[in-house]
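Enquirer: After the structure tokens below, expect a handful of questions from me.
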Amino acid sequence: MNNLLMLFIFVPILSFVLLALNVLLAPKNSYEAKVSPYECGFLAIEGQTRSTFQIHFYIVAMLFLVFDLEILLLFPLAVTLYQVSTYGFVIALIFFFVLTIGFVLEIGSGAISLTDSHK
């Protein structure tokens with residue numbers, strides 16, 4: 001069987017079958033806590049459209065995104081490491097060095113802290 005045939009025919013059919021099974025077999029009991037919006041672990045206040053949001057969650061998410069994308073850039077190097085030889089390895093070491101410097105600067109600036117300093 002061709003890989004493209006598997007990708008474009010079998011995968012959508014399988015996903016629709018699994019979704020249909022979920023709709024048919026899932027329990028349908030809803031209660032107030034289940035249908036209420038979840039706001040970072042804080043209880044929602046009735047009638048309030050905006051609430052306080054700790055920016056620390058956003059900063060951690062952005063830092064994770066940046067480091068995750070930088071690590072993703074190393075996957076092609078890992079696949080072709082034998083073809084790029086020493087030059088590619090030196091470039092990867094420089095990349096890791098710059099990545100480590102950025103991580104140390106973020107820890108030093110207090111963007112990433114393992115203790116809760118907001119209390």
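Cβ coordinates come from backbone N, Cα and C, glycine included.
Unlike curated entries, TrEMBL annotations are predicted automatically.
The transmembrane segment feature in TrEMBL is assigned to 6-25, 57-78, 84-105.
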Enquirer: Cβ under 8 Å to the transmembrane segment (57-78), counting only same-chain residues 6 or more beyond its ends: which ones?
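Expert: Sequence-remote neighbours of the transmembrane segment (57-78) are 40, 84, 88, 91-92, 95, 99, 103, 106, 111-112.
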Enquirer: Could you tell me what the rest of the chain brings near the transmembrane segment (6-25), counting residues at least six beyond its ends with Cβ under 8 Å?
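Expert: Hits for the transmembrane segment (6-25): none.
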